[in-house]
Each structure stands twice: as structure tokens, then as C-alpha cells.
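Step one of this worksheet: look at the structure below.
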Amino acid sequence: MSPSDLLAFDQKHIWHPAQQMKDGEVFPPIIIDHAQDCYLYDVNNKEYIDIISSWWCNLLGHCHPEINAALKAQLDKVEHVIFANFSHRPALNVCQKLLPYLPQGLTRFQFCDNGSSAVECALKLAFQYQLQTGRGQRKKYMCLDSAYHGETIGALSVGSMDLYTSLYKPLMMNNIHFDGLDCYRCPYGKTRTACNCECFESAEKAFSRYGKETVAVIVEPLLQGAAGMRMYPPAYLKKLRRLCNAYDVLLIDDEIAAGFGRTGTMFAIEQAGVTPDILCTSKGLTGGYLPMALTITTEKIYQAFYADYGEHKAFMHSHTYAGNPLACTAAATVLTIIKRDHILSHAATKGAYLHTCLKERLGNHKNVGEIRHLGMINAIEIVKDRKTKEAFSPSQRIGWHIFRQAMQHGLVLRPIGDILYFNPPLIMKEETLAAAVDICAATIETVLGS
Ligand SMILES: Cc1ncc(COP(=O)(O)O)c(C=O)c1O
């Protein structure tokens, strides 16, 4: 099929995720032909910088020769096998290589096949643990305002973003949502670097009212990604851990977006020095190659399920593609490369470089409210008025117009509302980062003036 036939077929048959398909009339899908390093190439061979890591999952660049070779070798051994009652080297390799990076005490791995299913697994695991340790009256979960944990009904029920949840509320569990964490518009007038997490009082209120009915609280550590790359201090997580201990509420750490070095450490919660009861990871786990997720927990929780068959305490949860050997091979290879090539420390240097470039180019722009960063992630909050922090009306779709413009210049700057963000593969070179900043700045100036 020619490029125009491909597009016509796509528009006739494909229903793309998370977008109004009618937008395709003015902004049709880009049909990608191949990819290399941090670049995507469409069917007309136009090049794009993949500054969002293909939905935050690509870690080491596209078509990485070492990951490709490992996958090709695994293909000739075994492509898939049921994971109930069976095991294999790639799965064991992943766990062995991941263990040294995990918060102390997390030792038991459940394999899932995407982020939402890892969250579902965590919610069920937590409920059953409470039930089997004498706290069966607990049926609620707690989550934060603007939280995002995936799209399945259970995961949506612990999410608070109206954009995704409001329509489905009649189907959702009745959970407890408490507010906090908008550091850019802090209601206490504090700054991210000089606060005592005053907003934590809403968590304390929620726990004192509902703590004894609650199974678990789920949190995106340090970074609420889908809410607009909102960043908050580690002290919040320390406080949350203490509160969970006081009320026997389990702490679920959703590292699906934040994990694998995105925030400067392998897992974001490391920066708070606490261990969650359950940790979910996905996205970067396979370097963006194949769907896979892990829900990782403690020996203490595992032991509450370990019993004679007749006691019916087993965790009856499964996914067909759990522990897929190809996905595990990609993950194990990613972990080898991260360690051998010191990817995390290089990423920290590049994250700081990127932040400096953005500040220099855009720090004084009239519509740039804040440029925040954590590890390699840099986010630019576009506002109507930087003094009052007033946002543009959503109907103006400023972020979307900037996105369209940036695509014309070869940069995948897919925004969240009016928040533009850079979440590049950790190996992106400084010259590519600088080129991306140039396109971003020029595009903002085209859409909003200088
Ligand atoms: C924090 C967080 N949790 C869960 C998910 C859901 O993952 P998936 O899209 O693989 O279902 C996402 C996806 O963006 C996420 O950012």
C-alpha cells in the first residue's frame, strides 16, 4: 500500500486510543515505518525526535541492537509457555537482576502483562491479604486527588482524573479520594523545596475517618504523570508510610510511570527511603519492547497466602501472557544494560542539562508558568498569565496546537492539556535534547508569540 492508501485504510478501520477520532480530519495519524535510537521515521521518511519515549516506555532507544539480538535468540528457544506450574530462565533472570534495585524487603514477584493489570493485581492482593489476616471488614481503597493508575474498572476506581473517570462512575468502587500535591498552585502558598507537606493534613483527615475500613492506599511516587507531570517532595511519602503503619493500611507504590530511572533513581520511592508493601512496575521494564508488568510484594504478605490447599488461601489471579519469555528476555537485557552502562548516573547529568537548556530558552516566556524537573523528566506548564497562574481555557486547546506545530518540525511533543513535557529515552544525546528544546521553543513562539 502507498502512504496515502495506508492512511486511508487507517482512517477507515482503526480506532486509536485516548483521542477524539474526528481530530484526525485536521491532524491525521502519522504512520511510522521504522525507528532507530531516539528517532521515529514515517512512511515518507520524515524524522521525529521521540521526546516522550513512545508513551513513556522506551528506555534505551528504538531497535537497540543488544535487545534485538537477545530477543532473536530467545525466539528460537521458547516464545511462550503457561506460567502456572511452569517457569523459565528469562523470568528468573529478571527477578535476579531486579532484586538489588528494589526497596529492601520486596522479594515476591507476580507477573502481569500491562500497567493496569498490575494495579488490579495489587488491589486484589491487598484485599485478600487483609481478609486472610483478620481484617476482612476492610473494603475501601484510598487514593490521591488527580491520581491516575490505569483504565480498567478497578484501576479507574482508584483514579481521580475526571477526564478518564467521570463517565464510568456508576460502575466504579466507592473509594476515598483525598487532595494534595498541586505544588505549582500550592493552596498553602509554599514551594516544593521549602514546605512541610502541609497538604498532608487531608491524608490525615481521611485516615482518621476511614483508616479502619481501608485495605490500602495507592500512590504515584514523586510524580503524578497523567495529571500533568506534577512533582512533589519525598517527605510526603515518608509521612504516608508512617500513617499506613499506624492504621494497618497497605501502601501500594505505583511506579509504572516513575520507575526505571525516570525520576533519577531506579524507583522513585527510593528517594523517600521507605519500603511499600506492594510495588507495581511496567512501561520501562522491557525498555518499551513488549507488554509486561510486575506486582512485587513482601515475604510477610506472601506468607498470608501460603497454606495447605484445603484452606483456600491461594491467590487465584492470572494473565495468559504472564511471564512471557520474550518480554522477560527484553526486561533482563534492559537490566543488564542499565547496570553495565551506568545508565542512571548518565541520565541524571542529562536531566540537569535539559533543564538548563529549557530554562535558558523558555524561562522568561510570558506564557511559561513553571518548568519543573525530576530526573530526565521536564515539564513546561503553559498558562495564560504567569503572575496569577491562570490557565488558558481548555477550549482553546493551546497544548494541542503546539503539539501539531511541533510535529511539523519533527518533535513528538504530545502534551497533557497545556502541559508540555520531555520524558525522553534515558540514552538521548545532549545534541538531540538541545535540538528538541529549539523546536519546542520555536513552536511555542509560533503559537503564542514571544
Ligand atoms: C502511574 C500509572 N499507572 C498505571 C498506568 C497504566 O498502565 P497501562 O497503560 O500499561 O495499563 C499508567 C499509564 O500511563 C500510569 O502512568
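Backbone N, Cα and C define each Cβ position, glycine as well.
TrEMBL does not curate its annotations; it predicts them automatically.
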Same-site pyridoxal 5'-phosphate binder from Asp162, Asp179, Asp254, Asp277, given that TrEMBL records Gly115, Ser116, His319, Thr320: Asp254
Listed in TrEMBL for the substrate site shared with Trp55, Tyr148, Ser318, Arg414, one of Lys97, Lys283, Lys359: Lys283
Arg414 (substrate binding site) and Asp254 (pyridoxal 5'-phosphate binding site), distance between Cα atoms, whole Å: 23
Listed binding-site residues (Ser116, Thr320), ranked by Cβ neighbours within 10 Å, top entry: Ser116
Shortest C-alpha distance to Arg414 (substrate binding site) - which of the binding-site residues Gly115, His319, Thr320: Gly115
Among Trp55, Tyr148 [binding-site residues], residue with fewest other Cβ within 10 Å: Trp55
Reduced DSSP assignment, Trp55 (substrate binding site): helix
Ser116 (pyridoxal 5'-phosphate binding site) and Tyr148 (substrate binding site), Cα-Cα, nearest whole angstrom: 10
Assigned conformation of Asp254 (pyridoxal 5'-phosphate binding site) - DSSP reduced to three states: strand
Separation of alpha carbons, His319 (pyridoxal 5'-phosphate binding site) and Trp55 (substrate binding site) (Å): 23
